[in-house]
Structure formats: structure tokens, C-alpha cells
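K.L.:
According to Swiss-Prot, the protein carries these features:
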BINDING   13-19, 38, 44, 64-65, 84-86, 157, 161, 184-187, 199  NADP(+) binding site
DISULFID  150-158  disulfide bond
ACT_SITE  161  active site, proton donor
């Protein structure tokens, strides 16, 4: 492996929530980065150009996942590829085919460029969606979502991520590409980009009053900085292989709103569950041991949620209360 300072890596979908942090940390570590975006001149990618080291070592390449030639040009000459780009939608036509074809195109372009490794950003959606799994089963890298269940419930995002990951494994095996996959859960944390992405919107709606109640359901969370660091760890660790579940905690939505209301009592955070007739859903068990074994230390979920809200305030997506002192944070693990 060449020294980091000599390495050129490609990050697809560089303007995204996870990818922006990935680009930031790669630049800080001394990598030269090629980031693919649909339009390098779009103001929404301006935050990337402002990153430390961007002027010297970041190139934004115009590319589309469905345009093989554009990907080929971006990846040619790279040592590694981080494939984070993906549609985020429950429209089957916009999700499934672009995710699968785009992933195959990236793997093929990586094979042609003879890159050292591809790190593919999959999702918990490719792992968790299985109604027949025993509640006591520990969710880990051996688990896969049930495709029929995803289709029948019209959960096209999870279905698309699952079939895209399967396509990545098949294509990588056929083309001889060293592929490692990361499966993050719902990603929270500070925003680098100017827009609010879908995962952070999940928290924002609890603070703006648009959500009057919280669901009787559970959600797994992880900090965006940890996800970015995990990508780099999987790229830099020669013995890394297979899939890696990236999760810090599983919380009931009631626990989430309780944490938020303690930190930010000035916001109209819901206090009632939308479903009081059924028993409270219990958090599922999961294992993040594979990433811990590589040395990743996870940010506690309370700290992550606090930093998410502070970022939403700083970016102007959430009004900042004026008549309140800053809370003293005592974050318990």
C-alpha cells in the first residue's frame, strides 16, 4: 500500500451527507480526492470546495451513475473507490434500476482501472427487513432483508439497497474486484451540506412541531463522522473483508423524543405515542463487533443527537431560541 499522501481515491456522490464527511476526512488525512457530482458548478456542492485541502487535492468530476463513460473517466488512475452515491426514494422506477445499474457501472469501472479496493455504502435496509426473524436474533452481517416482504410493503428503498448490494458482490466476484461493504443504520450528526437530507429530517420534524406524536417503533442510529471513519478504516485495513454493520444504538422513538426534550425543552417535541393500544416495541439486538474489532469507537447516541440539532440551528434550518442559556451537557453512555 502506497503512503496516503500519494493515493488518489474516488468518492461517488460526493455532495451527500455521508460522502461530504468522507471527503473532508480523506482530505485531512492527505488523500487526493476525486468526487463525482452531477454538476460541479452547482452551488449546493460549494461546501466541498471550502474544505481544508480541497483547493490542492479535490477535483469535482461531472458524472452520472448511469453514464459508464463518465464514471470510467472519474475512476481511471485511482487507487480506491468509495461508492456512496445512491438514489434515496421509495419510487421503484427511480430507486431500483438506477441503484443496481449504477453499482455495476462503478464496479466495472473500478475493475478496468485496477483499483486496490472498492468500499460500497449499502444500508441496514439490506440487512434488517425480515418479518420472520426471531425477535431474540442478534442482527449482524449474516442477516439479509426479505425481498418479497420489501416488495409487498412497497419499501423500495430497502429493496433497492439490497439488490444493489447483491449486484455489487456478484459483479466484484466476476471481475476480480476487492470489495468491502458497510451497512450503516439511520445516520445522524452535523451537516456539512446546506440542505437537510432524509435521515436528519427524521429528527427535524420532532423539533418543528410538524410531528404531533411519535411512532411505536424502534430505530437504530449512528453518527455520520463514525460512518465516514468506518469507510476509511475498511479501505486502509488490508484484512477487512465482507460486510460491516455500522450502528451505535437502537432506540424506541419515545426514547429519542425524551433525549431531545431534555436537551432542547424549548421546542414543541411530541410527548404522545401515535399507537397506545399495542405494547411498546422493544429494541432489537445487533452486533457492531466487526467494526469495533478494527478499532472504531462509536459516538454515543445522545451526543450524536445533540450535535445534530445544534447543526440544524447553525445552518438556519431550526430557529435558535433567544431566552435560554446553553444547557450543560452530561452525556451518559
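Cβ coordinates are placed from backbone N, Cα and C, and glycine is handled just like the others.
The shown structure was predicted, so the numbers you read here are calculated from the model rather than taken from an experiment.
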K.L.:
Roughly how many Å lie between the Cα atoms of residue 13 (NADP(+) binding site) and residue 150 (disulfide bond), rounded to a whole value?
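P.N.:
Cα-Cα, rounded: 25 Å.
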K.L.:
Out of the binding-site residues 16, 19, 64, 161, give me the one sitting nearest to residue 150 (disulfide bond) by CA distance.
P.N.:
161
K.L.:
Applying a 10 Å Cβ distance cut-off over all chains shown, what neighbour count does residue 150 (disulfide bond) have?
P.N.:
22
K.L.:
Just jot down the residues in the same chain as residue 16 (NADP(+) binding site), at least 6 apart in sequence, with C-beta under 8 A of its C-beta; none if empty.
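P.N.:
The list for residue 16 (NADP(+) binding site) reads 84, 85, 193, 197, given in order along the sequence.
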K.L.:
Reported as an integer number of Å, what is the Cα distance between residue 64 (NADP(+) binding site) and residue 158 (disulfide bond)?
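P.N.:
The Cα atom of residue 64 (NADP(+) binding site) is 22 Å away from the Cα atom of residue 158 (disulfide bond).
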